[in-house]
Amino acid sequence: MPSARELALKVLYAVDVEGAYGNLALTSVMGKYRPQGPERSLLTELCYGTLRRLNTIDWVLAKFIKRPLCEQNPWIRNILRLAVYQILYLDRIPPAAATNEAVELAKKYAPPSMAGFVNAVLRRVVREKDNLTFPDIRTNPVDHLALKYSHPTWLVEMWLKEFGLEETIRICEANNQPAAATLRTNLLRTTREELMERLRREADLRVSPTLYAPEGIRVQGFFDLQHLPSYQEGLFYIQDESSMLAAHALAPASGSFVLDVCGAPGGKATHLAELMRDSGRILVVDIYAHRLALVVANSRRLGLKSVETLQADARSLDQQFAGQADYVLADVPCSGLGVLRRKPDIRWRKEPEIFPGLVTLQQEILESAAACVRPGGVLLYCTCTLGEAENLGQIKRFLSRHPDFLLEDLRPFLPEALDREGTLRHGYIQIMPYQGMDGFFIARLRRKKLAS
């Protein structure tokens, strides 16, 4: 079987040349070659680490090659990237080993003459790596942080303006830490303690309870959880802890009618069904039929009967459900800047030009979702991103146009230990990735009852 480095090269090539997403390309390679144990862990580290550190790696390589990296043979380009990641960031791998492996890969995947080129470049990197200096943080903080923490310059600049230097550093550092897998226990079928013990027996997994979600379990290390019998039996759903908190923030009463707009693949809807003891009606709306099929499959696996689906545009739901829903969950499409630690290559796919269109779409969905809330009902707005424009800014704009809605205290629903800035009592919270979860925004609004 190919080595972890060779498999990582295949993943990097697929991302670079074929436009594949890193997590999907890695899953595909894992499924085809089935690496086990340390090789599996190393493969994951090499893929995600190299993708995460891509701009810094390319900046380093540009110092040691004359021809631009983008003009190099794509196999050579990614062999060099893979090796430089190991040389700069993996202390446990000797630089000589990383260099020798890269040379062997070059012999296999590129013209014979390129092996000597790879060897020469990497030997220079090894010699000079301790002399590399980033731009001065005092005179050029944007480029300094972008290169030291491997983030796009436009994103660093945006966060510096909004959050300041120290907070931006904390966010960037957190985005470079591997994200642990988290599971949501299906409390209708088992308890968290029973499931943790089952996982230890079933696959010798290192598991621990999550800090804030009462049904959450953290799993250390990479493991294909969907192949476990306990998964097939519907004992858990794979979901980040911050997403679990959304259902607790909505806290629907049993027997209620809940509308979950943009709700596929059903993580929050199935959680709501579990919290409601599978009573009432939860209608998941999404514009894509193939994503709604995932809702159906997940609900069936978890043994839930109260979840229904509807293919529709979330911007026009008010025409069908005006004033009918007891609870509406609007988990709107967003820039996804809160999940960079989990999907390391998406930081390089984002562009600042996406924001105007996203903000407009969010506004339209929020308007439609709000119209579906009955008087006295609850609207929950959430995203998996950071920043004013898509989060609190949307809520402020909405409330200025809708005096019949009020932000409602979240302290009865979420742990106050989460509350970095004391905003729970005001009805919203911005969870940051350095809190050990995906970055996530939640706001709970109550529609005023009609005057009697």
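Glycine residues also receive a Cβ, built from the backbone N, Cα and C atoms like all the rest.
Note that the coordinates shown come from a computational prediction; the quantities given were computed from them, not determined experimentally.
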According to TrEMBL, Asp313, Asp331 bind S-adenosyl-L-methionine; so which of Asp286, Asp345 is the extra one listed there?
-> Asp286
By the DSSP assignment reduced to helix, strand and coil, which category contains Asp331 (S-adenosyl-L-methionine binding site)?
-> strand
Any idea of the Cα spread of the S-adenosyl-L-methionine site, Asp286, Asp313, Asp331, as a max distance in Å?
-> 14
Here the binding-site residues are Asp313, Asp331; the one whose Cβ sees the most other Cβ atoms within 10 Å is Asp331
Spatial neighbours, same chain, of Cys384 (active site, nucleophile) - Cβ under 8 Å, 6+ residues apart = Ser242, Ser243, Cys334, Gly336, Gly338, Val339, Asp438, Gly439, Phe440
In this predicted model, what is the average pLDDT of the domain 'SAM-dependent MTase RsmB/NOP-type' (171-448)?
-> 97
